[in-house]
Amino acid sequence: QFLYFIGPARIPPGAVPGFFPRAAVHSPLAHSARHSMADPVPPEPASSFASAPDAAARSGAPEAGAIPDGAEEEDLAPRFPAYGCGLSRLGMMRGVYCAYFTATVIAAAFVSLLYESKGFSPFAVGWLGALQPMCVVAVVPGVCYVAETRSWQQPFMLWAFALSTVLITAIVALSSQTLIVVCAVALNVALAPTGPLLDEHVLAVIGKARKDTWGQYRCYGAYGWAVSAVVVSFIFGHFGWGYALVVWYGGVAVAAGGGFPT
């Protein structure tokens, strides 16, 4: 309230760009100060009987039901049910995030235990674990640029899911440490761009008008990660890696099959 009535009158509007809100710049005291200094025409008296649309037009606020700036009508249209069932594509995006993080928790959180079970030293396990952030820095900018310019997000994602499934299965089955290192490098290269590409795909599905709700969809990935971490740890401790891969296969199948068909 102090900035609303005092600040704009003492500091001319525009002296500090972006500091005072729109309502403060148009406060009664600031309005009279501007007219007294530069404009000989007195301000119009505020009418208490102004209609709501007129008041909204003067204040710059959008009318109720108006389409936001930058949003197209198709962004606000209801989504049609997908795959012949009652689940809409918007609802499916929650399941896609959950399934994606359910699968990738194996390659992110438990892969060091897999390397250790293959006889790698702690030093080698540390280097193999460092492949993930290094591949993100080296691979993601170029792959995402090509996918964005050529609209290849879906093919890149599907190929990455397929290739990573083959590679992680090979790492579990192989005994040669040299081949395991080669597969580990290829696995991290394939998985590195999947997260950003999936985020871009989900944002395209939910539309510009709903982009502020993206975090509500993304949080389902945390749910999938939390549940999968407990399940995979139990399966790995009691049955081995061969059975733990079932979680990977199921998560990748849902993420690939549920997110991309149109």
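Cβ coordinates come from backbone N, Cα and C, glycine included.
Look at TrEMBL and you will find 46-66 tagged as compositional bias 'Low complexity'.
The domain 'Major facilitator superfamily associated' (92-250) scores a mean pLDDT of 91 in the predicted structure. Summarising the annotation, TrEMBL assigns domain 'Major facilitator superfamily associated' to 92-250.
Taken from TrEMBL, the feature region 'Disordered' covers 34-70.
Per TrEMBL, the feature transmembrane segment maps to 97-115 (among others).
According to TrEMBL, the transmembrane segment annotation covers 127-147 (among others). Within its own chain, the transmembrane segment (127-147) has Cβ neighbours under 8 Å at 107-108, 111-112, 115, 120, 153, 156, 181, 184-185, 188-189, 191-193, 196-197, 200, counting only residues six or more beyond its boundaries.
Only residues 6 or more beyond the boundaries of the transmembrane segment (156-173), in the same chain, are considered here, and those with a CB under 8 A from a CB of the stretch are 106-107, 114, 118, 143, 147, 179-180, 183-184, 186-187, 190-191, 193-194, 197-198, 201, 241-242, 245, 248-249, 252, 255-256, 259-260. The transmembrane segment feature in TrEMBL is assigned to 156-173 (among others).
Marked as transmembrane segment by TrEMBL: 179-198 (among others).
Annotated transmembrane segment per TrEMBL: 219-236 (among others), in sequence order.
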For the transmembrane segment (219-236), could you work out the same-chain residues 6 or more beyond its ends whose Cβ comes under 8 Å from its Cβ atoms? 94-95, 97-103, 105-106, 109-110, 113, 243-244, 246-247, 251
